[in-house]
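Enquirer: Annotation source Swiss-Prot lists ATP binding site at SER107, VAL108, ARG109, LYS188, HIS221, GLY222, LYS223, ARG227. According to Swiss-Prot, the feature region 'RNA-binding' maps to 205-241.
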Amino acid sequence: MAELACFCYPHLENDSYRFIPFNSLAIKCMLTAKVDKKDQDKFYNSIIYGIAPPPQFKKRYNTNDNSRGMNYETPMFNKVAVLICEALNSIKVTQSDVANVLSKVVSVRHLENLVLRRENHQDVLFHSKELLLKSVLIAIGHSKEIETTATAEGGEIVFQNAAFTMWKLTYLEHRLMPILDQNFIEYKITVNEDKPISESHVKELIAELRWQYNKFAVITHGKGHYRVVKYSSVANHADRVYATFKSNNKNGNVLEFNLLDQRVIWQNWYAFTSSMKQGNTLEICKKLLFQKMKRESNPFKGLSTDRKMDEVSQIGI
């Protein structure tokens, strides 16, 4: 995760702003600079290489002292920064909006995936600039539309029906902020269209999840799509979701946290996110992840007979 101010800076032209991507040498200069505390939140002028991000975001970049940040010296950083600028420059951002826009925390890996989709000649985003920019504006939280299958970050499709598409995420192969744990495996489910979904299509999805992905929890980050994650990583997701939710509220980026279909979501996660929305502390919310929940009656009678027991998946073992 990183703020948009880590990728670009605003340049005032007439009554609105044009956004310009940072170059890696300017960032490198900022990372070595001694800056007064009062100037930590201001864009840094490297003198030689142009404007750099505010020093308060130093931890967002990979350095000798911090291996968890972005690999900003890779070509992928520039591609992501350029893509963000293209999207922001396609809309009008005024002086009253600019601070709010740049403070938004975005998924670095999501944006890298959109770059990969853009470069894939077989992908619809390669052929449609309008759909590409729409996908980016959704990814950076500027659009109120949810991420659907056409505007999704992408990955490898492992399941699809008339209503849903399930993607295996490819973060292990990333350049900008790769997942280093070689045991990482995670999926994302997007709706094909943002409209009411028939019970039969929900039932098909639940059957697929129950039998092929029974070692995983189905959760949501509140953005209109599902994530299918290992139970061992749920607490980590909870920390990130809670931190982003609080940060957005603090900065005035109040977005509706979409709890999605309770029949699909893991019971404990639904309880966690509901508690978070009520304003409870992280400690109180996380207790619900490890609490034994009363099993609800099956909303789809006969679902367990849809597949034979010898078809139960070994994925995740």
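Glycine is no exception: its Cβ is also placed from the backbone N, Cα and C atoms.
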Enquirer: Summarise the model confidence on the region 'RNA-binding' (205-241) as a single mean pLDDT, whole number.
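Expert: Average per-residue pLDDT within the region 'RNA-binding' (205-241): 96.
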Enquirer: Near GLY222 (ATP binding site), which residues of its chain come within a Cβ-Cβ distance under 8 Å, counting only those 6 or more away in sequence?
Expert: VAL241, PHE245, LEU255, GLU256, PHE257, ASN258, LEU259, THR273
Enquirer: For SER107 (ATP binding site), just give me the three-state DSSP call.
Expert: coil
Enquirer: Please report the three-state DSSP label of GLY222 (ATP binding site).
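Expert: Once the DSSP labels are grouped into three classes, GLY222 (ATP binding site) ends up as coil.
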